[in-house]
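Asks: Straight from TrEMBL, here's the annotation block:
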type	residues	note
BINDING	C83, C88, H165, H170	Zn(2+) binding site
Amino acid sequence: MSLTGFVEFFQKGKTFRPKKRINEGTLRYSLYKQAQASLNSGINLRDTVKLPPGEELNDWIAVHVVDFFNRINLIYGTVCEFCDSKSCPTMSGGSRYEYLWADGATYKKPTALPAYQYISLLMDWIEERINDESYFPVSSDVPFPKTFGPLCKKILTRLFRVFVHVYIHHFDRIIAISAEAHVNTCYKHFYYFATEFNLIEPKELEPLVEMTKRLCKDIDYSKDPGPRIR
Ligand SMILES: [Zn+2]
């Protein structure tokens, strides 16, 4: 499944919110294009997430965080009309997991919210940060802030919760529009990326651990060279 196909597929539907663009002509734009090209080449997804030689890790993480934000936004956009305070009164992942929202501003204490509201606040919170040049510098001459790593961990940890909610509560809708292969590819890419750079704590990944075992079977050739021909 090519990434271009994936994006075109979801652009037919309505978008939850506008897409964040990576400015054309910048170094990071060429890195973004490079990452897309390798995804489209059909090579092992686990390999496509590895940092290309000579590239800066923060640049690599920045383009992926923006890309995952856009793609998860599109995925949620396809189910959001089925996600309201009646269908999903809490931000849950089955009966075992419930997420509470806190942002240190409007919600100082962790607060139970309907999933739609939680995801809306979560996306706003991420959007604000990826559009803020003091967090995500646009020019590659401007250094990343020291807080960039922890911030990206928090962004990806929160984005993962959208996957949890969509997979556990709205996968019927994804199947109804034949989007499961697209969503699974996006999930695998996200999972390989986050685990390659330890950006999400293992306990946060628990709600989807069984599904991940079934889905994420691409072999890591850098760790396992596989059978050799003698
Ligand atoms: Zn829902």
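FYI, residue positions are counted from 1 along the chain as it appears here.
Every residue gets a Cβ built from N, Cα and C, even glycine.
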Asks: Can you give me the same-chain residues 6 or more apart in sequence from C83 (Zn(2+) binding site) with a CB-CB distance under 8 Å?
Replies: Y76, A115, Y116, I119, H165, H169, H170
Asks: Which of the three DSSP states, helix, strand or coil, fits C83 (Zn(2+) binding site)?
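Replies: Coil, per DSSP.
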Asks: Taking the Cβ of H165 (Zn(2+) binding site) as the centre, how many other Cβ atoms fall within a 10 Å radius?
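Replies: Within a 10 Å radius of the Cβ of H165 (Zn(2+) binding site) lie 26 other Cβ atoms.
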Asks: Can you give me the same-chain residues 6 or more apart in sequence from C88 (Zn(2+) binding site) with a CB-CB distance under 8 Å?
Replies: P114, A115, Y116, H165, H169
Asks: So which other residues, same chain and not among C83, C88, H165, H170, have a Cβ within 8 Å of the centroid of the Cβ atoms at the Zn(2+) site?
Replies: V79, F82, S87, A115, Y116, I119, V166, H169
